[in-house]
Amino acid sequence: MNQSYFPHHQSDLSLQRVEAALDALRAGQGVLVTDDEQRENEGDLIFAAQSLTREQVAMLIRECSGIVCLCLTDEAVRRLDLPLMVSDNSSRYQTAFTVSIEAAEGVTTGVSAADRLTTIRAAIADDAGPLCLSRPGHVFPLRARPGGVLERRGHTEATVDLMRLAGLKPCGVLCELTNPDGSMARMPEIVAFSRKHGFPLITVEELVQYRIVREQPAALLQAEAESAGALCSA
């Protein structure tokens, strides 16, 4: 973990950072999420898919790697009938890419910011189905694990978890932040980018702790209620 930037003893501040990220997403703004230094050691710029703008897609293309990914739940992936990109995933962190997609209508080459936005909107529409999309394309869906960051500490799961916690559609767009020379941005550059653009910055581990703190009391209350109900019916 990037402990020099986010000491574990600052748990209250960590929770506040996650809350700030959720507020930003609700307001249609972006957030930055970093993972462990021993994992991918990268920062992803993340936007809510439901409020995504052409300008935000252009920023992902300009400031990041340009590989714009749409993070979806397993249910959404099945509804869109998107098979995984490969049947035998041998990537180090088991990132669950599906086949790439394009909107079936309303796009030209599919690669422009406007076209990629059209594709994303087509994929997340309430009535979206397999016929709304062509395959392959220039947007890369990622399937999140059902348990979110508690099951897999990845940016895909962090994105979907953040959207759910913010009360938004459980789908978001991410792209890895890069430096002007094309190299991957590391923590000093990610922090500088966050400050320059006013994007809240959190770690995956902070999101894990946020979920544990927020969900554990609810789970205990439910268990107590179930126990009390069992005693009453005994």
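Every residue gets a Cβ built from N, Cα and C, even glycine.
What Swiss-Prot lists as D-ribulose 5-phosphate binding site is Arg39, Glu40, Asp44, Arg152, Arg153, Gly154, His155, Thr156, Glu176, and the listing cites sequence analysis. Taken from Swiss-Prot, the feature Mg(2+) 1 binding site covers Glu40, and the record attributes it to sequence analysis. For Glu40, His155, the entry in Swiss-Prot reads Mg(2+) 2 binding site. According to Swiss-Prot, the site 'Essential for catalytic activity' annotation covers His138, Glu176.
Neighbour counts were taken at the CB atom with a 10 A radius for the recorded positions His138, Arg153, His155; the maximum falls on His155. If you count neighbouring Cβ atoms within 10 Å for each of the binding-site residues Asp44, Glu176, the highest count belongs to Asp44. Nearest neighbour of His138 (site 'Essential for catalytic activity') by Cα distance, taken over the binding-site residues Asp44, Arg153, His155, Glu176: Glu176.
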